Amino acid sequence: MRVSCNKEINMELTLTAHACDVVIFGAKGDLSCRKLLPALYKLEKAGHIHLDTRIIGVGRAAWDKDIYKTVVRKSLDTFLEEKVDDILWLRLSTRLYFCDLDVHDTHNFINLAKIIDQKKNINIYYLAMPPTTFGAIFKGLYTSGLNKKTSRIVMEKPLGTDLQSSRLINNELAKFFDESQVYRIDHYLGKETVLNLMALRFANSLFANNWDNSIIDYVQITVAEEVGIEGRWGYFDSVGQMRDMVQNHLLQILTIIAMSPPSDLSSDRIRDEKVKVLRAMRRIDSSNVRDTTVRGQYTSGIIQGKKVPGYLEEKGANKNSHTETFVSIRVDIDNCRWTGVPFYLCTGKRMSYKYSEVVLFFKNPLINLFTESCKNLPRNKLRIRLHSDAGIQIEILHKMPGIENKYRLQTTTLDLKILDICHQANLPDAYERLLLEIMRGIQVLFVRRDEVEEAWKWVDSIEEAWSTDNEYPQPYEAGTWGPRASYRMIPKE
């Protein structure tokens with residue numbers, strides 16, 4: 001199905017990124033090399049970075065800026081999916097500086113203060129380091145006078161491993177920075193397809209007026225991962241799929257799907273509505289945890305024709321671990337819009353293949369006029385694909401063609417692919433968008449403190465119930481779709 005994308009309705013003012021110093025703590029780390037540096041290169045290529053913006057890497061190394069430039073170029077050559085343009089690299093490399101800094105030595109921050117251009121209004125501090133270092137960084141920036149009101153501090157979710165540890169980080173942060181300066185990143189919020197959920201819901205009367213329990217029967221949100229733990233056994237076993245994916249990503253998708261229309265598109269109005277959803281989610285505890293959740297742990301299996309090890313066979317594994325690698329949850333939202341509509345969240349590692357989607361199942365007509373040909377009408381579905389084949393599918397019923405098929409029905413899928421309809425080779429990377437929004441000072445794609453804490457409250461209740469339950473995660477073979485018990489939880493379609 002071809003759709004023209006030529007008629008553009010520009011609802012947003014283009015905001016230029018301000019001149020700033022982007023300071024990356026953990027400049028040698030995986031996040032910086034794999035994600036941040038390629039994203040900054042692409043922003044440079046697109047002309048989105050202000051002429052006077054600089055990039056300052058911070059780490060424990062006796063480097064000067066020339067050595068850092070060599071490291072950055074190697075990272076781009078390794079992780080950028082396109083060949084580095086030498087002219088573009090020359091332009092980007094003039095922005096690069098490096099500071100050798102032990103973040104636990106507060107006095108060392110004087111060295112960073114000497115490099116930072118204090119005349120610039122905006123300094124961006126990206127904490128691409130473990131949360132255990134955050135307190136020292138907050139204090140170091142404060143004591144060296146680098147926390148002025150126009151500074152912005154960026155942290156990756158998840159923050160902490162539960163409500164208590166998250167509050168400790170946020171309380172320490174609040175001593176030195178205002179909430180208006182804080183940008184908590186969940187990279188899912190920078191995905192083009194997740195952003196499109198807002199436009200889909202609120203710009204189209206077809207959906208805006210039919211997005212509640214009078215029309216929708218239930219909702220499925222799935223994030224399936226083909227990969228395992230990728231050498232992160234020590235980290236992953238301490239958090240599990242619930243903390244790694246549900247608290248961190250799936251709840252953000254759920255709040256965007258379930259939120260009521262905000263009064264405007266400002267950062268706080270949107271985030272206010274998301275928090276209302278989190279507060280309306282029915283508590284899951286020991287009284288209902290077995291009825292509403294399924295946990296799984298992958299065993300060895302075949303994926304894409306290759307044998308892969310089970311979770312307990314991964315390098316460094318504790319053979320007695322009961323950490324979940326798969327979670328399926330029924331979420332009930334107790335408010336006027338969604339009472340009676342279950343939301344089914346499902347996420348797991350070592351699944352058959354990678355995909356992410358939201359599917360809304362609509363209620364059938366009150367009266368079936370086509371009982372002669374179809375006793376049980378298939379439901380209309382809206383399928384929103386969030387991954388590489390991003391797009392929207394709408395499944396509807398229509399009459400089969402032909403004079404002998406008076407009222408015989410068949411299902412047809414209307415398929416809209418974002419890349420096809422807007423004639424682009426690739427969608428912008430999430431980190432490109434998020435870094436640009438930080439430079440612009442727009443917080444709508446970032447998570448507010450109360451959002452983080454409400455999500456942890458809900459997740460902690462489930463984790464506590466699991467910890468006292470003698471039922472362990474159920475095994476599922478790698479390359480399948482999780483434990484059989486999870487199939488029984490979701491209605492058959």
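Yeah, the Cβs are placed from backbone N, Cα and C, and that goes for glycine too.
Sequence annotations record features per position, and here TrEMBL assigns active site, proton acceptor to His249. For His249 (active site, proton acceptor), the number of other Cβ atoms no farther than 10 Å from its own Cβ, over all displayed protein chains, is 22. Following the DSSP three-state reduction, the secondary structure of His249 (active site, proton acceptor) is helix.
Proximity of Val103 (NADP(+) binding site) to non-local residues of its own chain (separation of 6 or more, Cβ distance below 8 Å) is seen for Phe25, Val58, Met129, Thr133, Ala136, Ile137, Gly140, given in sequence order. Annotation source TrEMBL lists NADP(+) binding site at Arg60, Asp102, Val103, Lys157.
The substrate binding site annotation in TrEMBL covers His187, Lys191, Glu225, Asp244, Lys349, Lys354. Every protein chain shown contributes to the tally, and the Cβ of His187 (substrate binding site) ends up with 18 other Cβ atoms within 10 Å.
Look at TrEMBL and you will find 23-196 tagged as domain 'Glucose-6-phosphate dehydrogenase NAD-binding'.
Taken from TrEMBL, the feature domain 'Glucose-6-phosphate dehydrogenase C-terminal' covers 198-492.
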Mean predicted confidence [pLDDT] for the domain 'Glucose-6-phosphate dehydrogenase C-terminal' (198-492): 93
Neighbourhood of Asp244 (substrate binding site), C-beta criterion under 8 angstroms, separation at least six: Pro158, Phe236
Cβ neighbours of Lys157 (NADP(+) binding site) where a neighbour is any other Cβ within 10 Å: 21
Residue pair Arg60 (NADP(+) binding site), His187 (substrate binding site) - Cα distance, angstrom, rounded: 26
Binding-site residues listed as Arg60, Lys191, Lys349, least Cβ neighbours within 10 Å: Arg60
Those binding-site residues listed as Glu225, Lys354, and which of them has the most Cβ atoms within 10 Å of its own Cβ: Glu225
Residue pair His187 (substrate binding site), Lys157 (NADP(+) binding site) - Cα distance, angstrom, rounded: 9
